[in-house]
Every structure is written in C-alpha cells, then in structure tokens.
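What TrEMBL records for Asp33 is active site, proton acceptor. Annotated active site, proton donor per TrEMBL: His61, in sequence order. Summarising the annotation, TrEMBL assigns active site to Lys164. What TrEMBL lists as GTP binding site is 32-38, 60-62, Arg327, 353-355, 435-437. Positions annotated as IMP binding site by TrEMBL: Asp33, Glu34, Gly35, Lys36, Asn58, Ala59, Gly60, His61, Thr153, Arg167, Asn246, Thr261, Arg325. Look at TrEMBL and you will find Val321, Thr322, Thr323, Gly324, Arg325, Lys326, Arg327 tagged as substrate binding site.
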Amino acid sequence: QNETGRDLPEWLKRPRNETGNKVTVVLGAQWGDEGKGKVVDLLATESDLVCRCQGGNNAGHTVVVEGKEYDFHLLPSGIINPKSICVIGNGVVIHLPGLFEEAENNEKKGLKGWEKRLIVSDRAHLVFDFHQVVDGIQETQRQATEGKIIGTTKKGIGPTYASKASRTGLRVCDLLGDFKEFSTKFKNLVKQYQSMYSSLTVDTESQLKKLKEYGERLRPMVRDGVYYMYEALHGPPKKILVEGANAALLDIDFGTYPFVTSSNCTVGGACTGLGIPPLNIGEVYGVSKAYTTRVGIGAFPTEQLNVTGELLQTRGHEVGVTTGRKRRCGWLDLVILRYAHMINGFTAIALTKLDILDVLDEIKVGVAYKINGKRIPHFPADMELLHKVEVEYETFPGWKSDTSAARKWNNLPQKAQNYIRFVENHIGVPIKWVGVGKSRECMIQMF
C-alpha cells in the first residue's frame, strides 16, 4: 500500500521502466542557412530514423556525398542513407507535386529506394497549388499597401498553416479517405479563397485528378504518425534524429515577427510536429555560422553593408538554396545565439563555415545591444526597437591562414581557437563541431 492506503496494482510496484528512446534534435540558431543539413547528414549516417517536424518545401538543405550534391526541401536529408527510415511528421505541410518532383531530381543524382524508406503522417496538412498562388498574391498586396514584403519563398507554406488554423485545411488522411468527400471540401476551400482573391483561377477538375493520382502514389508510405513514433520510442533501442527546418529567429512565436516563417522551428516544434513527449527529447544541437546571414527583409543588427559584408557574401557563396536570393551578411551576433539557447536549451553547438573568415584582418563579434547607450538584457520583440539597437562588439585579430584542410582541433590556428573558445564561453554551450568546408569530412568533431 502507498501512504494513501490505496493498494497499488502490480505494474505500478515494478520500477518505472525507462522513458524509452531519446531523440536528438538539430535546430538552426540564427535566421536559417546555417548548414543544418551537414550536421544532420553527419548524424544521419548512424540514425535509424530521421524525422521532419515542421515547415514544408520552403526549407533548403544541400548535402554533398561522394562529390554529388543533393538538394532537399521536403524530404528529410537522411533519405540518402539507405539504412535509415525517414518520417514526415504531422507538423509538416506537404506539397505533393513538390515532394515527387524533388524525389525524381535526386533519383537522377543517384538516390535509390526512397519510397520504401519514407513514412508520411496521415495528419499532415496538404499544400495545394492555389496556396502557392495566394502566397504570391499576398506578397504583391503587402508591397502595394505597406511598401514592403515579408520575403516568403512563395511555396504556399503560410497560407496552408492559415488554412490549418482556420480549420478549413485538408490533410493526408482526407485525401486517402472518401474521395467524393475530399473533392467537396477541396472545392469549398477554393471558393473560400476565390471570395478573398478575385484574381485567383483554379482548374478544380484537373487539380483533383492529379491529387487522386498523387494520393495513390503516397498511400503505401502513409501511417498513423503518433502510433508510429510511439512504437519507435518504446521498441528496441533506436537512434532517432529530428531535423529542424528554418531557424530560431524565423520562429512564428520567437522570431523577428512579422518577418518569420509560419511554424515553430524551435525545440517545441519537435514535440507538437511529431507527437512525442518532452521526456523523450535528448540532445538538442544548435547550428550557427561563424558569422551571420539573413535572407529577405527585417532587422539585422550586425549586418555589414560594406566590403566585409560583400566579402562574406562572395566567399561564403551566400545565395539561398530555395530562392536563389543573395543573402545579407554580417558579424556573428551572440545576443541572438544566447536568445536561441534560452528557448531551445542547446546541449551543444555546431559552428559552421569558419573557413570563410580565413582572409580577414580582424573579426568582430556582437556581444550586447544598447539603446540610448544602455545595455538591454533581452532580445527585443519590437522590430522598431531592434532596428534602433547599437551593437557592442568584441574585436579579434584574424588568423590569416587557410583552415579548410584542418581535421582536428589542433590543426586550427591559435587565433581561430581563441575565437571559438570565446563564442563557447559567452553562450555557455560547448561547441561540438567546427565546420571548415562543404563536404562531410570538413566537420571537425571536438568531443
């Protein structure tokens, strides 16, 4: 009996079994494009399960394997590992034409057997072509009314999450259920959008015909995602990896709103986007460049609109994988990294593209924001305020030598080591990897 006098059932008397397998989560710690794909790829080689939990084909990860460049947008980048199963969770929004086109493009480069290794949650929402058209119309309207755009990828992600929140969205399970019912709901959704956007034309019948075909191709991959993840967590030991898309400062709640994406790309998204409890979250790895980049518009305190910014842009080939847009570049901002850590609780960090800084005479790091000469202790929510902050910098001498051949910590010049140690101490999170180039081998593991 316990102290209340209640007789405990047998199963409660046994020592509480382990919580099950832990998942490792990889998240962007800045504004995206930090090189998460590379870290995921490194970990995916030994993972049994690689999962996406949010976003859609607005993400862009490039992974180089044996000299071949693969581009992933919707597929988890673990799909190139023939031994791992990939999961597209309920929190992801799926554009079916985009999914199949991406798979075919990567097949041409040598991707094999992906259909057998992809699991799609039946609760995931669908992105339709008209969502993408509406995304474009909305951007045009923003330009006309506010004189500024958000800079979305026009992949229909925002409108789809809006449909989801307004409870008119359609899910994978709807597509695979009674098609007559699905067709009715689809037509109603089209009507709803047409009443808001008079210029929107949709060939409903041809769309439905295509969707039916895609649905049949998808059917063998679809599972109940919650049950699937539960079994994976509580079955035999498995290495499970969750691949975050986008990044902390693009998070719908914590990012530089409104210049953000429409999902939670911080650690909570892994739980809600796959249906897994916080108890099963293990390592949380944050990925950051050794400098900062941003695509689209919005505040960017450490931006360098000068030769340094141009140098980072050209040396770092800073052009978006999904959009082909030039990225804005600036110094590493530790205020941002500390903020991302407050939300995500990183257990370690990967610092990528250190080699891009090789030629600089001096390197600056943003350590605090000031308003009217006074340090502010937090990252401002208000964009007007963020535009006004003055950045306090710490300056380091450059190492002026090529780090791209370094494979161990000891191979790095002392000044580069000092830079890394400073970043680590300032954020209070150990740096586990340092990236000095494009391929797998260029990630120096520190511990």
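Cβ atoms here come from the backbone N, Cα and C positions, even for glycine.
Here the structure is a predicted model, which means the values were calculated and not measured.
Location within the structure of each feature annotated in TrEMBL.
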residue : record                 : contacts (Cβ under 8 Å, 6+ apart)
Gly32   : GTP binding site       : Asn246, Ala247, Leu250, Val295
Gly35   : GTP binding site       : Val287, Lys289, Ala350, Thr352, Lys353, Gly435
Lys164  : active site            : Val93, His125
Gly324  : substrate binding site : none
Arg325  : IMP binding site       : Gly151, Val295, Gly296, Val319
Lys326  : substrate binding site : Gln313, Glu318, Val319
Val436  : GTP binding site       : Lys353, Leu354, Asp355, Thr403, Ser404, Ala405, Ala406, Cys442, Ile444
Taking residues Asp33, Glu34, Gly35, Lys36, Asn58, Ala59, Gly60, His61, Thr153, Arg167, Asn246, Thr261, Arg325, which bind IMP in the record, the widest Cα spacing (Å, whole number): 34
Integer Cα-Cα distance in angstrom, Thr62 (GTP binding site) to Thr153 (IMP binding site): 17
Minimum Cα separation from Arg327 (substrate binding site), reported as the residue among recorded positions Asp33, Gly60, Thr153 that achieves it: Asp33
Within 10 angstroms of Asp33 (active site, proton acceptor), Cα basis - recorded positions out of Asn58, Gly60, His61, Thr153: Gly60, His61
Integer Å distance between the CA atoms belonging to His61 (active site, proton donor) and Lys38 (GTP binding site): 8
Cβ-Cβ neighbours of Gly60 (IMP binding site) (radius 10 Å): 18
Other CB atoms within 10 A, centred on the residue listed as 'active site, proton donor': 22
Between His61 (active site, proton donor) and Thr153 (IMP binding site): CA-CA distance (Å): 14
The one of Thr62, Thr153, Asn246 whose CB sees the fewest other CB atoms within 10 Å, among these binding-site residues: Thr62
